[in-house]
Amino acid sequence: MPYSADLDIRVTDSSLRDGSHAKRHQFTVEHVRSIVGALDAAGVPVIEVTHGDGLGGSSFNYGFSHTPEQELIKAAVETAEQAKIAFLMLPGLGVRSDIREAADNGASICRIATHCTEADISVQHFGLARDLGLETVGFLMMSHSQPPEVLAKQARIMADAGCQCVYVVDSAGALILNAVSDRVSALVAELGDDAQVGFHGHENLGLGVANSVLAVEAGALQIDGSTRRFGAGAGNTPVEAFAAVTEKLGIRTGIDTLKIIDAAEDVVRPIMDGDCLLDRLSLTMGYAGVYSSFLKHADSHASRYGVSGAEILIEAGRRKLVGGQEDQLIEIALGLADRKSAETAVAEKKSA
């Protein structure tokens, strides 16, 4: 069953939300107007705008925003002529009044994210969003960490609370091919006609497009991506590449492939601080199953304490850290620094 009469699937571009991590949350109103204008003209149906960690994310722990996110949402709504504007919120970080304000500012899709075993904390937020007339989407973050049957049960909690589409969210970019299909299929089987299923991928193992296509084949009707891979870690599924692949496969997205390619190169790239690369740290994240937004934090702590960023991420993966535990990266870095100092002292003593 297609998403609608005109679209086989619906694509949401997260450049102005997930890309906030890569931009260190320094988006301006001008950035938003430029990117929304280009994506809207290319036919992208949904554009997500908030701090990288969602409503209320501007903080010492996650990083402070250059511009209040509600101002960015307003600018996006004012600029978009066809695209719907979505926002993300994490219960406990964002609060109910944030949802109301975003709705008042014209956003029409509320995306609520929880760790993939904690769907129950989203129930009241879905209820509020539906009462406000918002379309609702649920994110089961770090979906690689749980088997399909567990995710299906969590998806049921969200759907029963009023969520209209539940996403398998590969926050770490750690899922590989059939692991995506199995999880999406499990949600489709569980939810039936009660809610749609979506997929949010990252490029940390270089599989964003392939995983997204497999998700569609398994029944996903909504797919996330970011133009020019503008997202956390190695970035998200590149919308321009996904649009090209789906066009070749005869999957209707409503996106003009050539226009989105131009938008990626001419509009989005100049706003990025640098390309989102599949480098040592981002690849380590996918390999170790680490939350993608940890990348910049790990890199900063590695420089500050003179330790290996990759070792920080490997230990974060061993501890199975999740979003919200960024402070533990400092603890890990300090531990590595202490160990390095001790090893240096032993080596110097032996050589004396």
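Counting begins at 1 with the first residue displayed.
Using N, Cα and C of the backbone, Cβ positions are placed for all residues, glycine too.
Look at Swiss-Prot and you will find 9-261 tagged as domain 'Pyruvate carboxyltransferase', backed by sequence analysis.
Proximity of ARG17 (site 'Transition state stabilizer') to non-local residues of its own chain (separation of 6 or more, Cβ distance below 8 Å) is seen for GLU48, VAL49, THR50, HIS51, GLY52, GLY54, PHE87, LEU88, given in sequence order. Residues annotated as site 'Transition state stabilizer' in Swiss-Prot: ARG17.
Feature annotation from Swiss-Prot assigns substrate binding site to ARG17, ASP18, SER171, HIS200, TYR291; the stated evidence is sequence analysis. The Cβ neighbour count for SER171 (substrate binding site), using a 10 Å radius over every protein chain in view, is 32.
Sequence-distant contacts of ASP18 (substrate binding site), defined by Cβ-Cβ distance under 8 angstroms and a gap of at least six in the same chain, are GLU48, GLY52, ASP224, SER226, PHE230, GLY231, ALA232, GLY235, ASN236. As annotated by Swiss-Prot, Mn(2+) binding site applies to ASP18, HIS200, HIS202.
Annotation source Swiss-Prot lists active site, proton acceptor at HIS21, citing sequence analysis. On its own chain, HIS21 (active site, proton acceptor) has GLY52, GLY231, ALA232, SER292, SER293, LEU295, LYS296 as residues at least 6 apart in sequence with a Cβ closer than 8 Å to its own Cβ.
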Most distant Cα pair in Å, residues ARG17, ASP18, SER171, HIS200, TYR291 binding substrate: 15
Note: in the chain of HIS202 (Mn(2+) binding site), residues six or more apart in sequence with C-beta under 8 angstroms of its C-beta are ASP170, SER171, ALA172, GLY173, GLY208, GLY231, ALA232, GLY233, ALA234, GLY235, ASN236, THR237, GLY286, SER292
So which one is it: of the binding-site residues HIS200, TYR291, which has the fewest other Cβ atoms within 10 Å? TYR291
